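Reviewing the structure listed below.
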Ligand SMILES: Nc1ncnc2c1ncn2[C@@H]1O[C@H](COP(=O)(O)OP(=O)(O)OP(=O)(O)O)[C@@H](O)[C@H]1O
């Protein structure tokens, strides 16, 4: 695939682990606040409105108590009753305005946050080294970008202001009730210690359980992605989702988890609900007793009977709010882990290449999993020359090609461009000089033009056509339903492998970089396609430094310099004739190539003969 290297301007590399971040710090409210970024003022505004709304909602209860005093006074103070009634209506109106405002502010903040977080994550994924992806699956990253961000959005929009209000209600109510009568206030919360105990027992171990839940969710996500990607293979073998072992198993595990969770916590939740609703059981007899004993006024009794039970039910909302914070905590930490991953280290020296040659000097490389792919590799790919890398599968050819654009970085030795270490060349300058044509071409969902312009955003239509003509792609592009404006890629028109290759050659031609890294296709396209690809490549290779992972006899034989690799080491190097004379492995590879060519010519001959005979 050419584009990631050519156009994004962010080569990826350096096998480094993500920094150890304090997961607990990110799981709680502090972590959530940190992720809120620029939306914090809006979220605080929403929370304050919610608290004001709650306070306004409590006020009528007090007015009601005072109304009772005014009504039962002799004579009744009707003016006061009227004023208090009006004040109650005002308070109720204020409550609705404030809670409406809280909802609007919270939703605006949530949607902006959703956008902001996704953009930050997407930018980050472009800046991190490739090793970052080696330790994470696509399913995991998809979940962070979609599900975890969605959770935060839903939490901020629906639960956050409510949650803050839930914490404010018991405090405000308790303060108000204590100021009226501390004995009755204590009676109102008599059941609280037991309820809190039950609540904490119910919540005990939930973090660990949520982690298990998330792990099985991850497996389901990955399983589903794989299932969808491999649907062709699955259908060919007549398999079903059920026979896709891991997926079926993780879906079953999810169901079992939910059953276990409900069994374990169901009773505790029930007990908690019963206790929360039980405050009148204490308030009525005690209030009655105090009233009859003359130490509690009737209005105060009324106040406690209406407001007392509210105190404990608001505790239930606190529990839900806290449960929600816990639920999204793991997701917050996962988002933070991605956002805090170290970027690819940019060159500090800002050197510029002196010419267009490449050189490997004693290069060693180890993948993140410890696999040593290259050992002491040294060779030069001269400016304007074609250098071919040959060797058996797993010899390290692709790895060498990846080190030049810093997709990965050499573990030891130096990779040079124009006599300068690639690590000392600013990334933009490095990538500007390089075109990479890999055999598996990735086309984005967009028009042919969009895909071509990835290589040169300001290319004119004429330039696009010229590049496609030179890459022998113009003919088939013109034949597409909308020509250059036809949608291609995953959800667009399907192109053959050979057609994709020719488009990627056109992209490289448009970029017009002096150095070309070329991974020749291993699979042979049909003869016509094959000939067109070769013509396109021949144009592309003219007057450039070419480093080619060679799979073809013609390329190898006509290369200026050939590097023979085996198990990560350079076995020999030189021109074709010299290697044929002295290098055993090269002779063997050549013989195998020749055999394959003869076999392919033989088959084509037979087909041609069949054609003539039939
Ligand atoms: N992303 C990776 N992580 C770990 N090891 C890898 C990775 N990519 C390649 N390797 C290993 O590095 C070694 C060299 O692989 P490389 O792909 O460079 O060989 P190659 O010569 O290009 O092979 P082929 O001709 O089959 O493409 C192999 O042992 C391979 O298994």
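Each residue, glycine too, has its Cβ placed from N, Cα and C.
Annotated range for transmembrane segment in TrEMBL, selecting from 184-203, 204-223, 224-243: 184-203. Range 266-284 is the one annotated as transmembrane segment, of 266-284, 323-341, 342-360, 361-379 (source: TrEMBL). The stretch with the most CB contacts under 8 Å to the transmembrane segment (266-284), chosen from 42-73, 184-203, 290-312, is 184-203.
Stretch with the largest number of CB pairs closer than 8 A to the transmembrane segment (184-203), among 42-73, 93-114, 160-178, 290-312: 290-312.
At the 8 Å Cβ threshold, with sequence separation of at least 6, the transmembrane segment (290-312) comes into contact with the transmembrane segment (42-73) through 3 or more pairs. For the domain 'ABC transporter' (358-592), the mean pLDDT of the prediction comes to 87. Away from its own ends, the transmembrane segment (42-73) comes close to residues 36, 80-81, 84-85, 87-88, 91-92, 94-99, 101-103, 105-106, 108-109, 112, 156, 160-162, 164-165, 168-169, 172-173, 176, 180, 297-300, 302-303, 306-307, 310 of its chain (Cβ-Cβ under 8 Å, at least six residues beyond either end).
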